[in-house]
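Q: Here it is, the structure, as structure tokens.
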Amino acid sequence: MVSIAINGFGRIGRLVLRIALERKNIDVVAINDPFISVDYAAYMFKYDSTHGKYKGEVSHDGSNLIINGKKVAVFQEKDPATLPWGKLGVDIAVDSTGVFKELDSAQKHIDAGAKKVVITAPSKTAPMFVVGVNEDKYNGEKIVSNASCTTNCLAPIAKIINDEFGIEEGLMTTVHSITATQKTVDGPSHKDWRGGRTASGNIIPSSTGAAKAVGKVLPELQGKLTGMAFRVPTTDVSVVDLTVKLVKAATYDEIKAAVKKVSEGKLKDVVGYTEDAVVSSDFLGDTHSTIFDAAAGIQLSPKFVKLVAWYDNEYGYSTRVVDLVEHVA
């Protein structure tokens with residue numbers, strides 16, 4: 001049994017809790033969020049505009065969240081170093097704040113007594129792992145990153161294509177649902193002026209490090225991929241459009257077959273495959289990291305193709321966070 005604590009009770013933190021409660025070998029002992037009181041934590045966990053009402057009993061006793069009779073301690077500390085992780089016997093702290101994402105800041109959880117930390121964001125300094133791609137390279141590191149939702153969608157597909165046909169170079173676009181950092185109406189966003197525009201009424205070009213990060217989890221693709229994002233007014237589910245120049249000539253049917261084979265093998269929980277006439281909402285709550293849309297891709301020539309893959313950027317990603325927790329435990 002692995003004891004975990006969740007720091008940051010936002011979109012990812014709450015879904016990680018939902019998913020972890022379903023796993024028999026995980027015991028969630030605590031939640032910390034300086035901005036959320038215990039009664040509000042109960043409300044936010046119970047009601048979700050995107051994924052629906054939680055299907056169990058949720059209440060609180062003033063200091064614990066009570067879910068189906070199970071107590072989870074709730075704290076409101078700004079500094080993770082002050083949390084009682086040692087006393088609570090926390091094996092792994094899941095940091096989903098988006099704030100403590102480097103080795104030095106995530107170390108605060110170790111200082112507080114946690115044995116290991118899983119960061120739910122890309123990191124410049126912590127080793128990044130994408131389940132289904134490079135988790136076998138994990139070598140006991142105390143602090144790891146689960147990379148980003150988009151890297152989790154792109155990397156498995158890039159690996160399949162590179163292993164089978166070779167990728168000379170490629171460009172990725174993610175058409176990405178809105179997230180909490182965006183604005184409901186035009187407002188100040190000093191680092192990213194476009195990002196400060198109304199989320200619900202615009203298609204907003206944005207940067208993403210997701211494609212470059214693939215080179216960190218798959219060194220053979222280092223320097224071969226880069227990408228950008230368009231933020232669009234949907235609440236959840238995003239789609240990766242990967243345009244690649246192949247090393248080896250292939251037919252589109254051969255590419256489809258290669259992905260389908262992987263989706264039916266040991267990576268069936270990570271890679272999905274569909275030939276149906278699907279749209280984004282069809283993937284709400286999908287637990288795969290990536291679902292290859294065989295009917296949407298196109299080919300110009302034997303070495304030049306555009307591939308399309310869907311992902312629930314909240315739920316699929318949060319599922320992988322919990323998988324990585326189990327793996328590093």
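Each residue, glycine too, has its Cβ placed from N, Cα and C.
Just lifted these from Swiss-Prot, have a look:
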{"type": "ACT_SITE", "residues": "Cys149", "note": "active site, nucleophile"}
{"type": "BINDING", "residues": "Arg11, Ile12, Asp33, Glu77, Asn313", "note": "NAD(+) binding site"}
{"type": "BINDING", "residues": "Ser148, Cys149, Thr150, Thr179, Thr208, Gly209, Arg231", "note": "D-glyceraldehyde 3-phosphate binding site"}
{"type": "MOD_RES", "residues": "Ser148", "note": "phosphoserine"}
{"type": "MOD_RES", "residues": "Ser177", "note": "phosphoserine"}
{"type": "MOD_RES", "residues": "Ser200", "note": "phosphoserine"}
{"type": "SITE", "residues": "His176", "note": "site 'Activates thiol group during catalysis'"}
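Relative to the rest of the structure, where do these features sit?
A: Under the DSSP three-state reduction, Cys149 (active site, nucleophile) is assigned to helix. For Cys149 (active site, nucleophile), the Cβ neighbour count at a 10 Å cut-off comes to 29, with all displayed protein chains included.
Secondary structure from DSSP puts Ile12 (NAD(+) binding site) in a helix. The C-beta environment of Ile12 (NAD(+) binding site), restricted to residues of the same chain at least 6 apart in sequence and closer than 8 Å, consists of Ser96, Thr120, Glu314, Tyr317, Ser318, Val321.
The DSSP secondary structure for Gly209 (D-glyceraldehyde 3-phosphate binding site) is coil. All protein chains considered, the CB of Gly209 (D-glyceraldehyde 3-phosphate binding site) has 17 other CB atoms within 10 Å.
Taking Cβ-Cβ distances under 8 Å and a sequence gap of 6 or more within the same chain, the neighbours of Ser148 (D-glyceraldehyde 3-phosphate binding site) are Ala121, Pro122, Thr208, Gly209, Ala210, Ala213, Tyr317.
Counting only same-chain residues at least 6 apart in sequence, those with a Cβ under 8 Å from the Cβ of Ser177 (phosphoserine) are Arg231, Val232, Thr234, Thr235, Asp236, Val237, Ser238, Ser280, Asn313.
Taken residue by residue with DSSP, Ser200 (phosphoserine) is part of a helix. Proximity of Ser200 (phosphoserine) to non-local residues of its own chain (separation of 6 or more, Cβ distance below 8 Å) is seen for Ile178, Thr184, Pro233, given in sequence order.
Over all protein chains present, the Cβ of His176 (site 'Activates thiol group during catalysis') has 23 other Cβ atoms lying within 10 Å. A strand conformation is recorded for His176 (site 'Activates thiol group during catalysis') in the three-state DSSP classification.
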Q: Checking the recorded positions Cys149, Thr150, His176, Thr179, which are within 10 Å of Glu77 (NAD(+) binding site) at the Cα level?
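A: Those close enough: none at all.
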Q: Cα-Cα, whole number of Å: Thr150 (D-glyceraldehyde 3-phosphate binding site) versus His176 (site 'Activates thiol group during catalysis')?
A: 9
Q: Which chain-mates of Arg11 (NAD(+) binding site) that are at least 6 residues away have a CB under 8 A from its CB, listed by sequence?
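A: Thr179, Ala180, Glu314 - these are the non-local Cβ neighbours of Arg11 (NAD(+) binding site), listed in sequence order.
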Q: Highest Cβ count within 10 Å among the binding-site residues Thr150, Thr208: which residue is it?
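A: Neighbour-count leader: Thr150.
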